[in-house]
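**Student:** Just passing along the structure, written as structure tokens.
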């Protein structure tokens, strides 16, 4: 049966305007009443499995394409397509003036193309601006509104209609009428980055009047917000109230007293995020915190500077069920007091702002006797030159209970005390020592005597004088994250920490990176700024991170005696243990012999030539042909440098390094060797400066060549499918 004739083509999808397709129920192509949810799809999949499968997609274009497959696919993809709606403004050349969560596709530059979940019926040819808004689609097809869960509105959208398209001034009313149809709306976001606050008019130039100024007394752009809040209040008081649970307000202007008064009547919210950067500072005072106390779980207050700490403490005390808290502009000492009121808090995002006054005696006593929450995610930000020792001690107090899974530090300029008392320019020693059963002075190979890495008791923490750096941090012109802080953090969270992100903080040396990898054996994500002498040192530093999946480094290349083409040979690369020796001492022996003088019989990761055969499927790291991503590596890559003619990438300008004799500091070949540094490595994402490398296995029909195999693997037929490990990056070949 001809599929095109038997299955009508769906038209109630995002990206089709009213003039492009009929929408009425009498249309033979309307699938709203034709799809049978109980029937199987054209591909033979049960209908109940289609929606879970499609939910893994995250691109609107993919959902749009799924709507065109069959009736059952259309029925399953439409709710996903309309679940999140927003708007944007584009010029006639297709570039965004204001876009929030809409994807702008580089190939879709046609001015007549309609954006996803939007219509282009609002056009002004004088200023070459098109407004894409889903309100018209929802008003024309009310049955689609039941799928809407998240809506984002922007002040720029309503400003465009008031300033540039006076003949179409109904966008605010249309948007409110469309929202009234969204009976299942659970999240609303208002973003206004314009200079106009609620109810403020503006002076614009009207080109039709020869450049004379015309005062526009229209509701631009902020009166949409108070009208929407009033609408929510009316709905909440009715039996068919809108189940709004998340509210986000971000504006550069002052919300105004009337809006704050209206907000104070909203109840039942579970998440609130308010960023108002003008006007008097406000928080949830005035009784709103008491109303939200039983339900609120997530709170973001982006402007707390100027609010008395006593008011903030009162507000926080009314919200005992908070699980996520983000505050900006609160003195650091008061944050410790706030945590004593939040026993269920799991995620904390705060700034370090040292206070000039001491805490009252009652607050000091409360800190000593109260139980701090068990944080899972801790994010600390600072943008001022502060005392690093005090800041790190404050962080220790925030995370004093075990269970921390993610630590993120954004400290752009932190100063440590003068290093005059530290001739070696190393941080002070830790306040604790290693356990009696462990060596007194830990070395990178202290575990070599153990029978297996799987038998390691990860409660052991190395001493502070371990992993000595070979270069003073003063030579970098920046400061280091204290080694003592890393070890103190590991003493409590060694078995739980999975993310250590400090890429926007102080510089670390490779010895510090090695210390992090050893101290946190469950580490999955590592982001940091490091000083690196060469790529082999990265291999050496992360060799203990068995669970590492993402590595992002802001690298400052350091001078080295080995910085020459001869030092970048395969002999300079660390070797990886074979799978037969993974549970023996040989793994650590290979680590000790990380830079052998002669080639061993171990697998050479620089050649990417491991070949295994599992059930007729050959797993090959082929480098003899050009893959589907533009990387052409002819023959085994025996050097870190790949010539430009073979498709290598010279990314020194992105990684912050420089070239030496034409040799790139970090290449796709280096990324591949790190990802495949041992058999069960899960490292698949590596970022070096602005370049991100991603690796994955792909099915290829290319048979493995005899010259790219080691240890005489089982022969495979030329027709056997193969799995090839491919590395791609976010920039084109240089």
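FYI, residue positions are counted from 1 along the chain as it appears here.
From the backbone N, Cα and C atoms, a Cβ is placed for every residue, glycine too.
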**Student:** Give the range, chosen from 16-42, 43-69, that TrEMBL lists as region 'Disordered'.
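**Tutor:** In TrEMBL, residues 16-42 carry the label region 'Disordered'.
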**Student:** Give the range, chosen from 513-561, 562-610, that TrEMBL lists as region 'Disordered'.
**Tutor:** 562-610
**Student:** Where does the mean pLDDT land for the domain 'F-box' (44-86)?
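**Tutor:** A mean pLDDT of 89 is what the predicted model shows over the domain 'F-box' (44-86).
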**Student:** Take the domain 'F-box' (44-86) and count its residues per DSSP category (helix H/G/I, strand E/B, coil), listing them in that order.
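**Tutor:** Residue counts for the domain 'F-box' (44-86) by secondary structure: 27 helix, 2 strand, 14 coil.
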